[in-house]
Structure formats: structure tokens, C-alpha cells
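Annotation source TrEMBL lists ATP binding site at Ala27, Gly28, Ala29, Gly30, Ser31, Gly32, Lys33, Thr34. Here TrEMBL flags 6-286 as domain 'UvrD-like helicase ATP-binding'. The domain 'UvrD-like helicase C-terminal' annotation in TrEMBL covers 287-567.
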Amino acid sequence: MEDFLNELNEEQRKAVLATDGPVLIIAGAGSGKTRTLTYRIAYLIKKQLAKPSEILAVTFTNKAAREMKERLTTLLGSQALPLWMGTFHSVCARILRTEAEHIGLSRNFTIYDVDDSVRALRKILSSKGLSPQKFNPKVVQSRISRLKNHFVLPENLLEQELDDEYDQIVAEVYQAYMAFLKKNEALDFDDLLIRPIQVFDDFPEIKAKYNKKFQYILVDEYQDTNHAQYLLLKRLVNERKNLCVVGDEDQSIYGWRGADIKNILNFNRDFPEARIFKLEENYRSHNNILQAANAVVRNNKSRLGKNLWTRKQDGPKIKLVVADDEADEALKVVEIIHDEMYTHKRSFKDIAILYRTNAQSRALEDQLRRNAISYTIIGGVKFYDRKEIKDVLAYLKVLVNPADSVALRRIINFPLRGVGETTVNKIERFAEMENITLFDALGRVEEVANISATMGSRVKQFYLMMKKFMELKDELNAVELASTLVSEAGIMHHYQTEYDQYESESRIENIKELFATMEQFTREREGEGRDSDLAAFLEEVSLMTDIDTWNESSNAVTLMTLHSAKGLEFPVVCITGLEMGLMPLQRTSADLKELEEERRLFYVGMTRAMESLYLTYAKYRRRYNAGTYNTPSLFLDEIPTELLEFKTRIAGTRGASRGKRKTERKAKLEAYFQNDDQNQDRSGEFFVGQKVYHETFGKGQIIQLEGSGDKMKITVHFGRDGITKKLIKKFANLTPLEEN
Ligand code: ATP
Ligand code: MG
């Protein structure tokens, strides 16, 4: 009956069979954590330990949820399981939408993305007369987000006397921002997580309902959950405590966004009865790749430590490729792709190119295009971030939630209908005085002072058109509604006439693509017997992550950031830009905790590779319009040289180094790592990448310089103790080492 359990190893099988009570599966990359979780769900259903509707599975991306669902369908041979499966955000949105009426929330609430939140904050800051120089809306947004994630509400802050003036003002802005969201019937991403927690605490009967519903809860990538997600899980788990979490502390890469590694490290403190399973066999990567990745991550201090092994062959060595600059690096990437295709019969889709920052993709894309290599890029300008798509979505958002003034402001004069900012501001003040929404105020434009009759009629016309479509909402399905509105509002016409032919065609194509996606969404949802209206579609779109728009079926090389690559695997992986300042990223390398997170990110990247891993590095790179000479990433030093192969040319070098003595190769590599004199700005005494000696901490390498003169701050990473220190030059007592 459970034949499929034979597709698991002994330890994985044990973890599947331990169905009752809390379970922690903690294991390294590629050891089958996600697979074990999937089989566990299949087992629960097949054994009838739970109905599909009693299972909640949380994945890190919507794409992962979709794949897990597909896998389950194959394992169980049944269609459309009524399983709750998705990201924390989508699960929360679903709970809130279901309970909306009971908790004083509109069922049609809008979800604000970070961009919408920043727009809202910009307005609030300016209405309070606060300068955007001192109070950068983006900074304030991330402060508020962090507070929310730690469950600190504005009233908690305002209760106490805050010493810091900045904090005091942030607290007030935070309060105004919450009021703004409420008035707009909008929730931001953080609200999606914390509102259900509040609901469960305030309405015990709602909590009881979900406790009864979810008999088994499973969470993948648990190492990247934040505090709010932890609190939510604690409430969702019922007295049976059937919670199974899987994760890898070495792959925790979202600390900068509030993820709390303690959630996984302290799991058995919360659940002392938890059973812990460790999976140690890696099924993904050739041995050389695994050994190299292990050697790198071993340098981190804060980890549980584990012994990951594979029965796979050693495979090729890891190829280290050195380029002159980013254009040359891109060219070498093209050579790698060609070489892999011709000598190893790979197709484009077998290959992934990873990088630390999105900006690095431009140079790569240029070369790929020039060489007619098809590629898909994840991130960058996302489909749903395109102007024409945002315009259409804003129309739809207003239809669903007329209180959403951020969306309304976007479309009120788009396409141009002669309703300027000044007019909108007048109407907005009227709305505030009357305590009505901006949309309702449009309907009463004749009462607003100082608005001409012509202007008034333009506004009214727009209002009546929107009103008409709101009334049609129940009669037409989502696609019909959207396509009629788009042509009636003149959006199609605008794109047909306002741009040159090429651009207008591509924008119209995109809008049609949006409708096609809506149609598919409606079909899928109806198949599952779930909401398929416009509100549901907009919710799905708001919760899309970069990776969710990835079309795997196309045969193309994949380009993405290291962060996006989490959980994925490819036969060939190439990690680019392995230079100090870029990987680890300068901003983050000053602090040991952050340096360790960068190292984990590198570990995540390396462990995506199944058969071949390439690491590239450019001696010179243009970033932010300025060029810098770079030293290799300190992480490269951490890979044992015997696992590395040094490459200057890609094609035609096959076998060239075979037979060469190891020492020779090593010498070459070491010579390479030594800085080339001309490549360094040595105007000052110290420079980034310089090797130095310190009496107490031993040998180190400079990773950042700030300020100048005696007060210059020098950040040094000391290899022996694995520590990073920020030292003041005057007192630093650093001696430059000969080997520079
Ligand atoms: P990550 O840490 O990157 O998320 P993971 O631990 O979730 O990795 P999976 O993605 O589940 O690992 O598995 C890695 C690869 O190994 C997949 O291709 C999977 O199908 C395969 N695999 C895992 N366990 C087994 C097994 N027992 N037999 C055969 N293949 C397996
Ligand atoms: Mg996984």
C-alpha cells in the first residue's frame, strides 16, 4: 500500500512514519527535506490519518507549493486535493478573507506591497511637514516593518517616553500609517501575518475553528521564518501538536529581512517532546561540490554542525574562472554555456547563472543576447511591476476596493483626462472634512469648493464609469470585467496611440497576457472549488514572488539572485561576481553575523549544483557608475585547493590540466590570489583586500574602509578565529603583510 515509501532512505522513512507529535527534521542541503515533507503528506492521506482538508503545508514560495501539489497528485493518483498549501502570506490572506466579516475587515481588502506602503508613507510624511531627506520614506517603511514583525504596535511605542526624537516621530508616523491603511481598507505584507495572530487572540472561537481544522501542520524552510510566523504557528497548532518543521540552519539567508534563526535552534525548547531527525545523505550533488560547500560553511561559528555525505562520484572539480571585468566575465559565462552544451550535451535549461545583486544581470544579459542564448531572468523588472500591468491592476483594485486611494490616485488621471494633482488634493481635503473616502468624494465633486464646472464634469464622468463597473461585478466574470473596463477606460487606446509601434505592441501583448493569466486562474480555482473572483485574483498577484512567474518549461538558461535560488537544483551552476565587496556584499561584511549570513548564501548557491559548479570573479567591475579593482572573495580561499581547477580559458582546455602536478596548480592559484600591483589603488596606506597582521587576532584581510585620516575605521576579517573587527586606524596596530 505504501509502496512509495521505498523511494525514501531509512532515516527519511522514519521521519515520515513519526506522524504524531512535534517533529523537527534538520538536515543539510539536498538531503531530501522537501521530498520527505511531501511524502509525509502523501502518507497521512493514504493511511487516512487525516483528510486532505485537515492538512496545512507551508512552503517558502508559491511555486514550491505548486510543485508539491503536483508531486502529491502523482503519488496519490488523485486530482485537485483540497489541501491548504502555500506561503505564510497566502495562508494568512486566506484566513483573513474567510473571517473578514467577523473581524471588522472588508472582504475586499487590498494588499499593499512595499512600493504601495512607501507611497502611503511619503504622503503621510509630507502632510506632517517632515523632510524626506531626514525621514526617508523607504527607511521609515523598513523600520515600521521591523516593528510589526516584532509585534510592536504604535500604542506600545507611544505609551513610553522615547528618548530619541527620531524614534518618537517614527512612532507617530507609524500610528498615522495604520490609520491610513484602515481608511483604505488595505493591509500590508506584515499585517497579513500579524492580523491573524490578533484575531486568534481576540476571538477564541475562530482560533478553535482552525485548531480543529488543521490536524497536521508542516513547514518547509523553517530556518527562514520570522517571529510573527513563529507566533502564528504556536496558535495554529492544537493539543495534538502535530507540527512537523524541516530546515537547515546553514541555509538561513533572510536574517536581514527579520528571519529568526532561533526558531529552528530552539524548536525543542518549545516542544520538549519533539522528535528530531537528521538526514545526512545528500542526493543532489557530486562529491567535489559537496565537499567544497561543506568546507566553506564549516567556517561559520553559529551552526549546529552536521556531516553531509554522498555516495555519488567525485565528478569534475570546481572551476574557478577569472575575468578582467564584468563584460569579460559575461563572455566567459557564454563560453561555459557553449562548452557544457557541446561537451556534455546539456540544454539551456540545465544551466543556472547566479549572482548576489540584480544589477549584475545586465552585463550577463548583453552577452547572452549577443550570442543568441535564450535565457529567463527571475527578478529584475517583474511582469507585475511593468507600468501597463500596474495601471490595469490599479483599475481592478479600485473596482474591488473603492476605498484604496493609492490605486485611485494612480488612475484618476490615467489615461490623461485633465484631472490634475491640485484638483485631486482639493477633493481629498473635502473627503477628509466629510470623513468619506476619496472615491465617494469624487461622486460629490460639485460640493467641493474652487472646482470649475468643466473639471467637475470630467471627475464625475470618471466616477460614473467606475461606479457602473462596480455594479457589473457580480454579473461578469473577472476576465470579462477586466477586458471591458480596460477598453472603455481608454487604456488600450492609450497604448495604441501614445507609443511607437514596437513598444505599443509589446505593452498590449502584456495586457493580453494578464487576461490569459486571469482566465487560467479562474479555471484552476473553479476546479478546486475555491474563490475565483477579481478579489481572489488580485490577492494572488499581490503575493507573487519573483520565482513564481518563472516558466520552467521553456528551454532557457536561468539567471537569478542567490536568494531566489533557494530550494532549487540545476545540473550546472555558475556563481558570478565572487569578489570582496560584492560577495560578501560590502554593506553587510562589517559584522560577523552578517558575514556568516553571506557565507550561508554562498553555501546555498554552491549546493544548487548537481554536476558542475563554476565560480567566476572579475578583477575590475563597474558598479554605480564607478569602477573598482577587486580582490577575490574570501570565501574562495575557504575551498580546499585540491577541489579547485583554475581556468583562464574555457573551451579547448579540456584535459589540459589533467596530469599536471597538484602543486603546480596550487602555485598558480596562489599566484593568482596575490594582488596585482597595478590593480590596486594604493594611494592610502590601507586598501580593501589587503592582508594584514594583528598582534592578538593574527592574520586578517581588510574588508571595508570608512572615513579617512587617523579616525579611519578599518574592518578586518581574521581567519584564525573567524571573527570580524572594526578597528580605528590610530589604535589598530595593523601591519601590512608581505604577501600583498
Ligand atoms: P534544500 O536544502 O536545497 O532545500 P532538500 O533537503 O529539500 O534540499 P530535496 O530537494 O528534497 O532536498 O532533494 C534533493 C534531491 O535529491 C532531489 O532531486 C530529490 O528528488 C533527491 N532525493 C532526495 N531523497 C532521495 C532518495 N531517498 N532517493 C532518491 N533521490 C532522493
Ligand atoms: Mg528543500
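Placed from the backbone N, Cα and C atoms, the Cβ positions cover glycine too.
TrEMBL: automatically predicted annotations, no manual curation.
The residues near the ATP site, meaning same-chain residues not in Ala27, Gly28, Ala29, Gly30, Ser31, Gly32, Lys33, Thr34 whose C-beta sits within 8 angstroms of the mean position of the site's C-beta atoms, are Asp248, Leu279, Asn282, Tyr283, Arg284, in sequence order.
For Thr34 (ATP binding site), the number of other Cβ atoms no farther than 10 Å from its own Cβ, over all displayed protein chains, is 19. Only Ala29, Ser31, Thr34 of the binding-site residues listed as Gly28, Ala29, Ser31, Thr34 bring a Cβ under 6 Å of any atom of ligand 1; the order follows the sequence. Filtering Ala29, Gly30, Gly32 by Cβ distance to ligand 2 (under 6 A) retains none of these binding-site residues. Sorted by the number of other CB atoms within 10 A, the binding-site residues Gly28, Gly32 start with Gly32, the lowest. Cβ environment of Ala29 (ATP binding site): Asp248, Asp250, Gln251, Asn282, Arg284, Ser285, Ala293, Leu308, Tyr603, Val604, Thr607 lie under 8 Å away, each six or more residues apart in the same chain. The Cβ of Gly30 (ATP binding site) has Asn282, Tyr283, Arg284, Ser285, Leu290, Glu569, Thr607 as same-chain neighbours under 8 Å, each 6 or more residues away in sequence.
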